[in-house]
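Annotated features, as they stand in TrEMBL:
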TRANSMEM  9-30  transmembrane segment
TRANSMEM  61-81  transmembrane segment
TRANSMEM  88-107  transmembrane segment
DOMAIN    89-202  domain 'Phosphatidic acid phosphatase type 2/haloperoxidase'
TRANSMEM  127-149  transmembrane segment
TRANSMEM  156-175  transmembrane segment
TRANSMEM  187-206  transmembrane segment
Amino acid sequence: MHKKGKSALAYLMVLIAMAFVALTLAIVLMPLPDLDKNVSKAVQSFQSPALYKVMRLVSDFGVMPFSVLMVLITALVFFLFKYKREALFVLFTLFCGVASTLIKYLVDRPRPAAPFVQVMEKTRQQSFPSGHVNFYVLFFGFILVLMFHMNSIPKLVRMVVGGFSAGMILLVPYSRIYLGAHWFTDVLGGILLGSLLLYVNSYYYLRKK
């Protein structure tokens, strides 16, 4: 990436960091804005058994311990194919859980509950930010970065893996709201935090490429 491109991306990350801080403060001061209730109502207005199964499947990739196993297996696959550096950076995505969990406890926002939403997934931790969305943006986002830059991997494999990863990133915010597990601002916080962590991981990975 050229210097101008790197500078523009760095400025963008600063803006995203500021947006995340502002959003976090807004949640602390106003725990349940009307926007969250309206978005949840709109998303959950259409119900069907098939849609529920799809949304449930999308979210299952972020459930412990499956999410950890997915990262470990992915790193192992890269390692076995002699991509040791890539395997190491894939493992970094495990640390996103530490960041989101710490913020969850600091903000201490309750999960969505009746009568505002229909809760279709039982959860234990606090609500903000969405750990699922944070993880998907970081993990699947980094897989996208790898597929874009690793020309030694067959093009068809890169297209399939990249397409699947992009699909998971796009679907998980809707899934978390649809299942009644998160508010809109929770998933927005997850997107912002995940983007920051993805930038850090990708920056150090690409720095010596």
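Each residue's number is its place along the chain shown, starting with 1.
Using N, Cα and C of the backbone, Cβ positions are placed for all residues, glycine too.
From a predicted model like this one, the values you see are computed outputs, not experimental measurements.
Of the recorded ranges 61-81, 88-107, 127-149, 156-175, the transmembrane segment (187-206) has the largest number of C-beta contacts under 8 angstroms with 127-149. In the domain 'Phosphatidic acid phosphatase type 2/haloperoxidase' (89-202), helix, strand and coil residues by DSSP number 81 helix, 0 strand, 33 coil.
Over the domain 'Phosphatidic acid phosphatase type 2/haloperoxidase' (89-202) the predicted model carries a mean pLDDT of 94. Same-chain neighbours of the transmembrane segment (61-81): 87-88, 90-91, 93-94, 97, 131-132, 135-136, 139, 143, 168, 172, counting only residues six or more beyond its ends whose CB sits under 8 Å from a CB of the stretch. Beyond its flanks by at least six residues, the transmembrane segment (9-30) meets 1, 103, 107, 109, 128, 185, 188-189, 192-193, 195-196, 199 of its own chain at Cβ-Cβ distances under 8 Å. Residues 24, 27-28, 67-68, 71-72, 74-75, 78, 125-131, 134-135, 138-139, 142-143, 146, 190, 193-194, 197, 201, 204-205 of the same chain, all 6+ positions outside the transmembrane segment (88-107), place their C-beta atoms under 8 angstroms from a C-beta of that stretch.
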